[in-house]
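According to Swiss-Prot, the L-aspartate binding site annotation covers GLU163, ARG207, SER349, ARG353. The ATP binding site annotation in Swiss-Prot covers ARG207, ALA208, GLU209, ARG215, HIS216, LEU217, GLU346, GLY394, LEU395, GLU396, ARG397 and rests on sequence analysis. As annotated by Swiss-Prot, Mg(2+) 2 binding site applies to GLU346, SER349, with the evidence given as sequence analysis. The Mg(2+) 3 binding site annotation in Swiss-Prot covers GLU346, and the record cites sequence analysis as its basis. The region 'Aspartate' annotation in Swiss-Prot covers 185-188, and the record cites sequence analysis as its basis. Residues or ranges marked as site 'Important for tRNA discrimination' in Swiss-Prot (evidence: sequence analysis): LYS78.
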Amino acid sequence: MRNYIKDAADLDEVELSGWAEDIRRIKSIVFIILRDVTGRIQVTVKSENVKNFDEVYKINRESVLKVHGTVDHQSRSKSGIEIIADSVEILNAAEAPLPLGVVDKVQADLDTRLNNRYIDLRKDENLIIFKAQSTLLWGIREYLNRLGFIEVHTPKIVAAATEGGADLFPVKYFERDAYLNQSPQLYKEILMAAGFEKVFEVGPAFRAEKENTLRHLNEFTSIDIEMSFADHNDVMDVLENTVKNAINTLKNNLGDELNKHGFNIDSINGRIPRITYREAIDYLNSSGFQMNFGDDFSPEAARVLGERYKSFYFITEWPVSLRPFYTMKKDDETTKSFDLQLRELEICSGAQRIHRYDDLVNNIKNKGLNPESFTFYLSAFRYGMPPHAGWAIGLERLTMNLLGIKNVRETTLFPRDRTRLLP
């Protein structure tokens, strides 16, 4: 049975499988640094011990090997142990040269890395990003399950825009036109009418936005919740505690490994500050900006707010003009909505939704949209739709912001942006 490198120190005999990360040859001995997902270990291959020594002697870096041998607990290697091999099976020999180095100090440009992602992801500093992402998602799921949320999966091929915009990818659906879904928003709300009361979804979302920035993707993983008999304050509380639980799960399980790679994760101590959109505008104008009510925040304005609040903070009561048609109004100008920010970066957006049919139809019209395009959605509001609220987080952007990474493509396994459709 295969053993993992992390367990070798507790064993006397092992069978390890992994990649030959580095190779040194000295006459009748080959020293191999073998790597698997749990770590690295030195394997010493001697000509008198291994039948296919000549074949092993010629292997290239990143060849895939299966090694059987004894554990030398008195080794002078860096780890204090090494494997004295009695057999080495070459499972797959790597070609040379590699398209991208794994242990080389030379940094390749991002396009080269993404074009050879299967090599790029072998590096510890890249693997840890996705271990962190997986752990964050585990913490989010665990907390929402504990609160009694039901995980659901909604359609990703739809007949009309979720939010009424033009940023949709068209697809041919047999004889009809369809689109890749921007968001599960409308389906989450329909499930509130179905009596599910508390749902969450983790799934792909698609935006045909032409922005080509460090923060934009055209396909991303969206984490959405919707909750009945709740307002925007209720789901802000859920969001705050969800993020706290995710961060604690991350630190408890990967804290040392993250610190080793220079990732320092923000903690949430006490309540997250909440400021209104008007308060944010007033502060920015007192700092030299010239913003009017209804203006969105420029990157520079967001940076100034981030310098003031340092870590996490909510911006609440956004203008009606800046929110989708399903957002509940607080008054004629503002909505019961919020964004969660980490310094200058948006983490999450949410709101209380309109739950009365006539109000929703009027708001759809006020946004310049046709209610007939939303018949399947609107019908759910005619037969007992409860008050409800929710939010959505982009997993890749959450990972980027928490780890302090500058480009969201680095927190996406195989990014899809304005110019990239491969690999």
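Heads up, the Cβ atoms here are built off N, Cα and C, so glycines get one too.
Taking the features listed in Swiss-Prot, we show where each one sits on the structure.
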residue	record	DSSP (3 states)
LYS78	site 'Important for tRNA discrimination'	coil
ARG207	L-aspartate binding site	coil
HIS216	ATP binding site	coil
GLU346	ATP binding site	strand
ARG353	L-aspartate binding site	strand
LEU395	ATP binding site	helix
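Here the Cα atom of GLU346 (ATP binding site) is found 20 Å from that of ARG353 (L-aspartate binding site). The Cβ of ARG397 (ATP binding site) lies under 8 Å from the Cβ of ARG215, PHE220, LEU345, GLU346, ILE347, VAL408, THR411, each on the same chain and at least six residues away in sequence. In this structure, LYS78 is the one among the recorded positions LYS78, ARG207, HIS216, ARG353 with the smallest number of other Cβ atoms inside 10 Å of its Cβ. Nearest neighbour of GLU209 (ATP binding site) by Cα distance, taken over the recorded positions LYS78, SER349, ARG353: SER349.
Taking the C-alpha atom of LYS78 (site 'Important for tRNA discrimination') as reference, the shortest distance to any of the binding-site residues ARG207, HIS216, SER349, ARG353, LEU395 belongs to LEU395. Sequence-distant neighbours of LEU395 (ATP binding site) (same chain, 6+ apart, CB under 8 A from its CB) are GLN133, LEU136, LEU137, VAL202, PHE220, THR221, SER222, ILE223. Calculated from their C-alpha atoms, the gap between HIS216 (ATP binding site) and ARG207 (L-aspartate binding site) amounts to 9 Å. Sequence-distant neighbours of SER349 (L-aspartate binding site) (same chain, 6+ residues apart, CB-CB distance under 8 A): SER337, PHE338, ASP339, LEU340, TRP391, ALA392. Take ARG207, ALA208, GLU209, ARG215, HIS216, LEU217, GLU346, GLY394, LEU395, GLU396, ARG397, the residues named in the record as contacts for ATP: the widest Cα to Cα gap among them comes to 19 Å.
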